[in-house]
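K.L.:
Shown below is the structure under consideration.
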Amino acid sequence: MDLSLTADPPSAPTAAREGVWLACIECGEASPPFDAIRYTCDDCGGLLEVRYAEPVGFDAFAGEGVWRYADALPLDSGVTIQEGGTPLYRVPELTDDVGVETLRIKHEGMNPTGSFKDRGMTVGVAVARELGVERLACASTGNTSAALSAYGSRAGMETLVLLPAGKVAAGKVAQASLHGARILEVDGNFDACLDLVQELAARGEAYLLNSLNPFRLEGQKTIGLEILERFRADHGTVPDRIVLPVGNAGNTAALYKAFRELVQAGDLAVDDVPKLTGVQAAGAAPMVEAIEAGADAVRRWDDVETRATAIRIGNPVNAPKALPGIRETGGTAVAVSDAAITDAQRALAGAGIGVEPASAASLAGLRKLREDGVVGSEEDVVCLTTGHLLKDPDAAAAAGTEPEPVPDDLDGVLSHLDDRT
Ligand SMILES: *Cc1c(COP(=O)(O)O)cnc(C)c1O
Ligand SMILES: [Zn+2]
């Protein structure tokens, strides 16, 4: 299957419902979207993608949030908690500090459960309802479980989440817990959790809502649509580059799909498509390795480690969609140290934007690419920050100032302040 920007929209199989179908990105096999549960191609096991007979452009969009983009989605409405419509912050000092023409921060931490995963779940859980399944499941580094638990409970469905024991930030486990998910703590890393939950799903025990699920990525496309609409309204152009953290590379794949559909709809010139630029932590960087080596596939890393637990992933399942996305748009991928991630987290916090470590990887990556001369000073850039500061309170406290004990009297407080200045 041709994942290039200029490929024509393929023709629909006769069984397609309302011009929407699923297509295998490897062999092109097409199937109706809601007649059976499938996550990968029946024929070859390749990744599936939702296809539209007539991809829509900006004129089709009305309303707010993710469902503003309903005409670009496989359903007219979803299980909603008012996701999407997140801010695209201006950061004048950071812009000067990084040394680019324009820098805007798309803060996905401002979604209902505090990460972009909500955009995928508002669609994915609605599809689960359409398919008539009873139990939802995901493997998660944390945010997917938080989002699925919230959307699953709103839809009145049972939710099962598999988490790598001891490797999920406190805020995320608290969310899954309060929203009533059954939390299975697996004695293994995220990739092991994903292997397990895929086997459970294959046995029909639960409906899988990891980003392997093609419907989730449809919801996440709206990040790209929002960025382009807002940026164009403010600056009269689209950004040259979008820099984003990469874990399973779902967002990279989703943004690329959003751009391809706009190109097909005639609303975005191929030359204007923003360069998709992925950032990984140095301790979990299989996508960076593949991009640097010019490889067709990603090699699974069995041992991964980083403070940015949301992207502590060694086997990015969406790599077959994301690698063409990075290459075709003229983007790149870069690895950053945990120390650089923490520096970037502090810099964002200094602009009033509170993010979790994985989110700060985008700014850290941009800084590195700017230093290396890969990103030029004339570029208009958007950095995606994927999750809220409160997701990982321990990381925030470790990166920030220390509380100072003081006595319960004014003189004592004043003398403490004098001592310290
Ligand atoms: C899920 C997640 C990521 C990784 O996104 P992918 O689409 O899997 O690459 C990055 N940051 C945060 C905060 C996340 O929750
Ligand atoms: Zn196939």
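Any Cβ shown, glycine's included, is placed from N, Cα and C.
All TrEMBL annotations are machine predictions without curation.
For reference, TrEMBL lists these features for the protein:
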DOMAIN    80-387  domain 'Tryptophan synthase beta chain-like PALP'
MOD_RES   Lys117  N6-(pyridoxal phosphate)lysine
BINDING   Asn143, Gly247, Asn248, Ala249, Gly250, Asn251, Thr386  pyridoxal 5'-phosphate binding site
REGION    394-421  region 'Disordered'
K.L.:
Hey, how far is Asn248 (pyridoxal 5'-phosphate binding site) from Lys117 (N6-(pyridoxal phosphate)lysine), Cα to Cα, in Å?
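P.N.:
Rounded to a whole number, the Cα-Cα distance is 12 Å.
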K.L.:
Under DSSP, is Lys117 (N6-(pyridoxal phosphate)lysine) part of a helix or a strand, or is it coil?
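P.N.:
For Lys117 (N6-(pyridoxal phosphate)lysine) - judged by DSSP and reduced to three states - the answer is helix.
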K.L.:
Would you list the other residues of this chain near pyridoxal 5'-phosphate - those whose C-beta lies within 8 angstroms of the C-beta centroid of Asn143, Gly247, Asn248, Ala249, Gly250, Asn251, Thr386 - in sequence order?
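P.N.:
Those within range, site residues removed, are Phe116, Ser211, Pro245, Val246, Thr252, Ala310, Ile311, Asn318.
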K.L.:
Which of the binding-site residues listed here (Asn143, Gly247, Ala249) have a Cα atom within 10 Å of the Cα of Lys117 (N6-(pyridoxal phosphate)lysine)?
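P.N.:
Near Lys117 (N6-(pyridoxal phosphate)lysine) by Cα: Asn143.
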K.L.:
Note down the number of other Cβ atoms within 10 Å of the Cβ of Asn251 (pyridoxal 5'-phosphate binding site), including every protein chain shown.
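P.N.:
Around the Cβ of Asn251 (pyridoxal 5'-phosphate binding site), 31 other Cβ atoms lie within 10 Å.
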K.L.:
Across all chains shown, how many C-beta atoms besides its own are within 10 angstroms of the C-beta of Gly250 (pyridoxal 5'-phosphate binding site)?
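P.N.:
A 10 Å sphere around the Cβ of Gly250 (pyridoxal 5'-phosphate binding site) contains 25 other Cβ atoms.
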K.L.:
Indicate the candidate from Asn143, Asn248, Thr386 with the smallest number of other Cβ atoms within 10 Å of its Cβ, considering only these binding-site residues.
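P.N.:
Counting other Cβ atoms within 10 Å of each of the binding-site residues Asn143, Asn248, Thr386 gives the minimum at Asn248.
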K.L.:
Cβ-Cβ under 8 Å from Gly247 (pyridoxal 5'-phosphate binding site), same chain, 6 or more residues apart: which ones?
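P.N.:
Spatial neighbours, sequence-distant, of Gly247 (pyridoxal 5'-phosphate binding site): Thr141, Ala310, Ile311, Arg312, Ile313, Pro316, Ala358.
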K.L.:
Could you tally the C-beta atoms, other than its own, that fall within 10 angstroms of the C-beta of Lys117 (N6-(pyridoxal phosphate)lysine)?
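P.N.:
Within a 10 Å radius of the Cβ of Lys117 (N6-(pyridoxal phosphate)lysine) lie 35 other Cβ atoms.
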K.L.:
Below 8 Å Cβ to Cβ and six or more residues apart, same chain only. Which residues does that give for Ala249 (pyridoxal 5'-phosphate binding site)?
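P.N.:
Listed in sequence order, they are Gly278, Met287, Pro316, Val317, Asn318, Ala319, Lys321, Ala322.
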K.L.:
Report the DSSP secondary-structure composition of the region 'Disordered' (394-421) as helix, strand and coil residue counts.
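P.N.:
Helix (H, G, I), strand (E, B), coil: 17 helix, 0 strand, 11 coil.
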